[in-house]
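In Swiss-Prot this protein carries:
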BINDING   M1, S49, R95  Mg(2+) 1 binding site
BINDING   M1, E2, H3, D4, E5, R6, G50, A51, F87, P88, D89  ATP binding site
DOMAIN    11-144  domain 'Nudix hydrolase'
BINDING   R14  Mg(2+) 3 binding site
MOTIF     50-71  motif 'Nudix box'
BINDING   E53, E65  Mg(2+) 2 binding site
Amino acid sequence: MEHDERTHVPVELRAAGVVLLNERGDILLVQEKGIPGHPEKAGLWHIPSGAVEDGENPQDAAVREACEETGLRVRPVKFLGAYLGRFPDGVLILRHVWLAEPEPGQTLAPAFTDEIAEASFVSREDFAQLYAAGQIRMYQTKLFYADALREKGFPALPV
């Protein structure tokens, strides 16, 4: 099969984020307020993440977004993967995700903005309930959380 431009998917937005676990294996999530043009995001939980700026490396963007949304300086330790998603308006997004660790001696200090309402560590059990209730913004968040738990030697998510 020949490949040309018709076989490639045009990505309109690049994003990057981190999965950050505490000493109990709880995941750090941010609750979104929703942004103009995307009211469907309001109240949903997601990993700290955001757009990759022009000329920016996705890993650097993930670190920057984590700090902007949570107040934590983080260090990426493992690339977990990338996935394509589509917003309800049809925009195709490519998101890169890293497992990260916070630099020592910090406390969670989220910078609440017009996009972020809350930031909190969520237990495996509470995550499972949020996911079942449709309160986790993207199903890939569950997959990356499961990968991070395995990587760090924590028990799996409840079924």
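Glycine too: its Cβ is placed from the backbone N, Cα and C atoms.
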- Item | binding-site residues: R14, R95 - member with fewest neighbouring CB atoms within 10 Å | R14
- Query: Nearest to R95 (Mg(2+) 1 binding site) by Cα, among R14, G50, E53, E65, D89 (binding-site residues)?
  - Reply: R14
- Note on the structure: Mean pLDDT across the domain 'Nudix hydrolase' (11-144) comes out at 90
- Query: Do any residues of this chain, six or more beyond the ends of the motif 'Nudix box' (50-71), have a C-beta under 8 angstroms from a C-beta of it, and if so which?
  - Reply: 13-18, 20, 28, 30, 79, 96-98, 100, 106-111, 113, 116, 119
- Query: Which has the fewest other Cβ atoms within 10 Å: E53, D89, the binding-site residues listed?
  - Reply: D89
- Which one is it: of the binding-site residues R14, F87, D89, whose Cα lies the shortest distance from the Cα of E53 (Mg(2+) 2 binding site)? R14
- Of the binding-site residues S49, G50, E65, F87, D89, the one whose Cα sits nearest to the Cα of R14 (Mg(2+) 3 binding site) is G50
- Query: Cα of D89 (ATP binding site) to Cα of S49 (Mg(2+) 1 binding site): how many Å, rounded?
  - Reply: 19
- Task: Give the sequence-ordered list of residues that share a chain with S49 (Mg(2+) 1 binding site), lie 6 or more positions from it, and have CB atoms under 8 Å from its CB.
- Result: A15, A16, G17, V18, A62, E65, R95, V97
- Item | Assigned element (helix, strand, coil) containing F87 (ATP binding site), judged by DSSP | coil
- Message: Let's check the environment of G50 (ATP binding site): how many other CB atoms sit within 10 Å of its CB?
- Response: 20
